[in-house]
């Protein structure tokens, strides 16, 4: 967990640096900046996490093999051994089922939280405003970020690196809880926190059940694609949609 926190500190520092030098404008100056910032942050954090993990592994082995050996080996051990991974047909079924389960769960949780919280989710409002402008450049960036970049970077960091390492090195309890909570916190959406925890669990289970990371990415991308389509071509009155359902 410390490695993940340090990785996000580096990611935030990189974002601030890009803004200071003018490469990435502020969200107030350009709406698309907020769309790009997420994948940049997660991608930078993922690279940093991988680097620190590999750098610390020899030290962990040398310092106390009995205590740290499993933790060090967990950084390279696959989630599921090659011979136990599902075939293409089964993976497609798992991916499709995962999308349905993710959507049903997030939709139900959104309806429940709508009855509990009276305030609008800030991240959702920012996305709604961006879509409302109907600028092609911003919409393309939003689609690429939500359906390609977010699933790619977030699944690599939270499932392939963090979930896999914890499952092998710290046991299933921490492996299921910590990555899902970290995934939720990374979205900076307090009202939608439970939804993101749910999604993190679904994505992790899809990865574990199939043994293939691309399945988790496909489930993540499918959920985001459906939410984006609802936002673009769904109910004319966006307030008809459950709060938090569109946040990705």
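Heads up, the Cβ atoms here are built off N, Cα and C, so glycines get one too.
Those TrEMBL annotations? Automatic predictions, nothing curated.
Note that the structure is predicted; figures quoted are calculated from it, not measured.
Residues or ranges marked as domain 'CAAX prenyl protease 2/Lysostaphin resistance protein A-like' in TrEMBL: 138-226.
Summarising the annotation, TrEMBL assigns transmembrane segment to 5-24 (among others).
The transmembrane segment annotation in TrEMBL covers 30-51 (among others).
Taken from TrEMBL, the feature transmembrane segment covers 87-112 (among others).
Away from its own ends, the transmembrane segment (139-158) comes close to residues 4, 7, 32, 35-36, 38-39, 42-43, 45-46, 49, 127, 130-131, 179, 182-183, 186, 200, 203-204, 207, 213, 216-218, 220-221, 224-225, 227-228, 232, 248 of its chain (Cβ-Cβ under 8 Å, at least six residues beyond either end). Residues or ranges marked as transmembrane segment by TrEMBL: 139-158 (among others).
Sequence annotations record features per position, and here TrEMBL assigns transmembrane segment to 165-185 (among others).
Look at TrEMBL and you will find 191-208 (among others) tagged as transmembrane segment.
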Overall pLDDT for the domain 'CAAX prenyl protease 2/Lysostaphin resistance protein A-like' (138-226), taken as the rounded mean: 93
Annotated stretches the transmembrane segment (165-185) and the transmembrane segment (87-112) touching (3 or more Cβ pairs under 8 Å): no
